[in-house]
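Taken from TrEMBL, the feature compositional bias 'Basic residues' covers 44-54. Residues or ranges marked as domain 'TLC' in TrEMBL: 367-577. If you look up TrEMBL, you'll see 1-62 marked as region 'Disordered'. Annotation source TrEMBL lists transmembrane segment at 342-360, 412-430, 442-469, 506-528, 540-561.
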Amino acid sequence: MATPTELGFSSPGGGGDDSDDNPPQKRTSKRTASETATEEETKKKKKKKTKHNTKMASPPSNRIWNEEDELSILKGLVDFRAKTGLESKIDWDAFYCYVKGSIHVKVSKCQLMSKTRKLKKKFLDQMEKIDQGNDPHFTRSSETEAFGYSMMIWGKIDAEYTNGVMDKAHQSESGEEVFEEDEEVALIDKGAAKSGKSPHEAVVVVDKITTKKNGTAGKESDDDDDDVLCAVRDAFETTMMSQGLSDYQKKLQLEKLMNLGTGKRRELSNEWKALCVEELKLNINKLRFSAKLAEAANDDDKKGLSFFCVDYSSSSSSSIVSWVEIPISMSINIGEISIPDLPIFFSMFLTIYLIAYFIVFRNWKPQIRPEASSCLISIFHGSPAVFLATRAVFSSSERSFASANTAAQNTVLDFSVAYFLTDLFHYIVFNPNDVLFIGHHVATLFVFLTCRFLVFHGACAILGLLILAEVTSACQNAWTLAGARKNDPESRLAVKVYDLLSPPFYAFYSIVRGVLGPLFFGKMVAFYARGGAHGVIPNWLWISWAIVVGTAITVSILWIWNLWIELFSERKANKIRVDKKIR
């Protein structure tokens, strides 16, 4: 019976003459030519794949993102929402400008929105698995960190955010995705035709390549081995890198682990994954409990923006849920415009000053009209500041000299800053030679502004000093206005009020500035000197505060001491005049 080889079936359309002429040599030569053609086709295929990958990499697509970019987007979204206070709707133009500097390549806003949508979908898929009791397996610290940031962003699903903004992102990117997919199919067909493969074989090959790029070929043996090695490496870097080993020792141990047998490596990998799963369960429970705490806290106080973050320290396996509170200053809303309170307060005090100067005290002498106007804005500042500061301090659960400023405390600081700015302009315009008061106001503004806008801590200490400084304000301003008019012959009432207020005002002022003020100041300095604000308020700053406050208290004591001397001297002189008249 004739064999297929003898019949010449090995060559396409082979004839009988070719088979009869030395068949063994012919068969060998044909097999060699076939192998050579296969090698050439393989080389051509590799070249085509290289060109194809080059072409596909030129237009921006999802394949340009790496893990660091994904973390940058998620972390940027957390920070951006914290700073803007937006929970559901996001200004994508502003966010694009905010985060594009942390991405290693240049991308468009549409690509950023598309990537954010896919990251959210990935997180929602993971949460769905968790709800079904199937916990995800994270083998790299970056995956765990990305899940933590995603939990902060999308842990509580916002329907408006899901159905509105992200759908727009999907619509904006759909054209690009379709174009990229069509271009890839066209290149595939062209390469398949040149390589001699059937369309079905080309589709299978490209499907495997695409699947590998997208990270879904974990069931292949090579990818499985890579996953095991990656897990073992991550376990070593997480648990052993902090053991005080030298770089050479770390390298040796890592090489030994990489050279272990497949069974041993797989055993270590599975055990490490199990530990990661247990840790993930614990972190998920912590995050859910943290969300409940945040919701309960925000029900009572909506003035501050609070959120929970995961603090990833040197080891990726130890993630700690921590509470972060960012105080947001109160603002006044006019329609859809939100105006910060500092300009509003400054405009208010300036308006009061102008009304006092041109209307309330228009009949007073020009020499005392500026001082009277300054007293009037001081009256509008002093007593309200005492009330607001007391409420802001005692309404806070943290009343340490180093505690973070609350929204109410920042509002009081803005209120006082606006007053001292207005009064400073008054002295610069009408009393530029009064260096003592100008220096006092500048130093006071330094304390308030650094507490408010530089360190964001220490408001309890500053507001405590403000309460002690302004609690005598009403009495002091009434006394000052009466003293400004006592030399006017037409105002006998001013003389009586001045004489009546002087002794009680001096006594009240002496107790507050001479006793309570130094006690509070000493307690504050002792707290800072013991390091109570270490890492929160720099040493140079609290020392500057101490110098300013200590100087102000000293000058106040000297001032009230001088007034006591003048009072007793004046009364002694009046007694002598009365005795002379009697004689």
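Any Cβ shown, glycine's included, is placed from N, Cα and C.
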* **Listed stretch, out of 342-360, 506-528, 540-561, that has the most CB pairs under 8 angstroms to the transmembrane segment (442-469)** => 540-561
* Flag the pair the transmembrane segment (412-430) / the transmembrane segment (342-360) as in contact if three or more Cβ pairs fall under 8 Å (sequence separation 6 or more). => yes
* **Sequence-remote partners of the transmembrane segment (506-528) [C-beta within less than 8 Å, at least six residues beyond its ends]** => 401-402, 461, 464-465, 468-469, 471-472, 475-476, 537, 542-543, 546, 549-550, 553, 556-557, 560, 563-564, 567
* Averaged over the whole of the domain 'TLC' (367-577), what is the pLDDT? -> 93
* **Beyond the flanks of the transmembrane segment (342-360) by at least 6 residues, Cβ under 8 Å** => 332, 369-370, 372-374, 376-377, 380-381, 414-415, 417-419, 421-423, 426
